[in-house]
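Undergrad: Straight out of TrEMBL:
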TRANSMEM  20-40  transmembrane segment
TRANSMEM  52-76  transmembrane segment
TRANSMEM  85-103  transmembrane segment
TRANSMEM  115-135  transmembrane segment
TRANSMEM  147-169  transmembrane segment
TRANSMEM  175-196  transmembrane segment
Amino acid sequence: MLLYSAPILTFKRVIKKASVEEFSCIPYILALFSCLTYSWYGFPVVSYGWENLTVCSISSLGVLFEGTFISIYVWFAPRGKKKQVMLMASLILAVFCMTVFFSSFSIHNHHIRKVFVGSVGLVSSISMYGSPLVAMKQVIRTKSVEFMPFYLSLFTLFTSLTWMAYGVIGRDPFIATPNCIGSIMGILQLVVYCIYSKCKEAPKVLHDIEQANVVKIPTSHVDTKGHNP
């Protein structure tokens with residue numbers, strides 16, 4: 001719940017400024033895909049009884065959170081980003097629907113059904129934990145942590161460690177494996193955050209803008225003594 005609710009601070013800023021600025025929606029779209037898949041994975045149709053009730057419950061809550069965040073993003077995003085987000089969201093919804101249909105009507109062996117849905121969930125979860133690489137790249141490029149929320153990185157690590165332990169104890173590789181990768185990604189995010197949060201250099205983008213403005217000053221406006229008139 002802490003992981004899924006962490007972006008609330010980010011979207012309060014989006015609503016306040018009525019702009020998505022440089023925030024990326026990719027992590028929220030991939031998180032929605034992961035939540036949808038694991039909600040289905042936790043159902044008795046796929047798992048044995050309600051052995052994964054906790055997974056199903058928290059993932060269903062995650063669907064509500066991520067769906068809300070994506071809706072807010074689409075509302076305030078410019079037209080270009082809006083089309084891109086809606087296309088990606090439609091794609092992951094289509095893949096999820098195909099997963100549900102195929103696992104329900106084409107696979108009649110319970111074990112094989114669980115392996116199939118678990119494999120899709122594994123891929124979706126790894127994609128979700130890998131999506132912050134986009135934000136990390138931007139942090140390194142701009143030398144600013146402004147668009148990589150600290151609490152999202154922190155709760156990613158805590159959540160991954162906890163669910164990894166849950167998967168190991170329950171001997172469920174489809175839960176333990178992606179969360180092992182999530183733990184590594186969480187550590188990387190916090191390391192990058194710690195390095196660049198202490199960086200005193202102005203963001204690269206702003207520096208480039210300042211340089212561009214300097215270049216645009218006409219030389220004819222400077223007198224022979226080097227003073228601006």
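Backbone N, Cα and C atoms are what each Cβ position is placed from, and that goes for glycine too.
TrEMBL: automatically predicted annotations, no manual curation.
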Undergrad: Hey, which of 20-40, 52-76, 85-103, 115-135, 175-196 has the most Cβ-Cβ pairs under 8 Å against the transmembrane segment (147-169)?
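TA: Top-ranked stretch among 20-40, 52-76, 85-103, 115-135, 175-196: 175-196.
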Undergrad: Is the number of Cβ-Cβ pairs under 8 Å between the transmembrane segment (20-40) and the transmembrane segment (175-196) three or more, considering only pairs separated by 6 or more positions?
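TA: Contact between the transmembrane segment (175-196) and the transmembrane segment (20-40): absent, because fewer than 3 Cβ pairs are under 8 Å.
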Undergrad: Who are the long-range neighbours of the transmembrane segment (175-196) in its own chain, taking Cβ under 8 Å and residues 6 or more past its ends?
TA: 52, 55, 121-122, 125-126, 128-130, 132-133, 135-136, 139-140, 143-145, 148, 150, 153-154, 156-161, 163-164, 166-168
Undergrad: Residues of the same chain, at least six outside the transmembrane segment (85-103), with any C-beta under 8 angstroms of its C-beta?
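TA: Long-range Cβ neighbours of the transmembrane segment (85-103): 25-26, 29-30, 32-33, 36-37, 40, 45-46, 70, 73-74, 77, 113, 116-117, 120.
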